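One structure below.
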């Protein structure tokens, strides 16, 4: 499989080829996804919820992100790795945005960065792109704005908000973003945006008309039971499989079944006899 990059994402849209993405936060999972042929891996600030146990993504820091981005880039050889910019790492100033985006590329070795917002982050996106760093936008339901939205709610259902989201998409393209994540918006609105902009749209809860799709892998595999978004399709119940394995392990250890001889190391009995005789 050829190495995925920004150009392959853009070419995919022009060739009507769907783009596949998933989130990953560690080496082993990134390696599995990479071997499966995934186009892109997002190291999302969603790690705050699914890995660190936060109630939202707002507490995630740059150090948290860099720690996980480094792990993922070690495991992904062919997938494009996109590093999320956490809350307040780019909103404060254009300078901070470029500096922190640079850390994700330079220290984390990611191939691109992602940040939330449209019109409001136009200058930040433009400056980051000018610094030769590829940017993936993110509009619609933006989790870092959860307090403004009053929760994780579908966005763009009325005319005014729908028009604002369309304008966000246009401005991100104008600023130089190479793609845009559309999250939690009606599929007809996502279709309009996908047809309006020339850069790829990656949907998560935005219907089938986007140029690509992304899911949080814990959601699709049944590994995160705190809540399950409506738009998530289950591709397996790994949570139940893992839970059963843990229970079986606990039972076998308590009952003396594991480890048996098959899982133990052996040595010559004569050596043991000598140790006993010598009082060791």
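Cβ from N, Cα, C; glycine included.
As the structure is a computational prediction, the values presented were derived from the model and not from experiment.
Some features that Swiss-Prot has for this protein:
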type	residues	note
BINDING	45, 84, 116	Mg(2+) binding site
BINDING	45, 46, 84, 114	3-methyl-2-oxobutanoate binding site
ACT_SITE	183	active site, proton acceptor
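Neighbours of residue 46 (3-methyl-2-oxobutanoate binding site), defined as other CB atoms within 10 A of its CB across all chains, total 22.
Site extent for 3-methyl-2-oxobutanoate: among the recorded binding residues 45, 46, 84, 114, the largest C-alpha separation is 12 Å.
Cβ neighbours of residue 183 (active site, proton acceptor) (same chain, under 8 Å, six or more residues apart in sequence): 138, 139, 140, 141, 142, 143, 203, 204, 205, 206.
When the binding-site residues 45, 116 are compared by the number of other CB atoms within 10 angstroms of each CB, 116 has the fewest.
When secondary structure is read from DSSP and collapsed to three states, residue 116 (Mg(2+) binding site) falls in the coil class. Under DSSP, residue 84 (Mg(2+) binding site) is assigned to a strand (E or B) in the three-state scheme. Cα of residue 84 (Mg(2+) binding site) to Cα of residue 114 (3-methyl-2-oxobutanoate binding site): a distance of 5 Å. Residue 46 (3-methyl-2-oxobutanoate binding site) sits 13 Å from residue 116 (Mg(2+) binding site), taking the Cα positions as reference.
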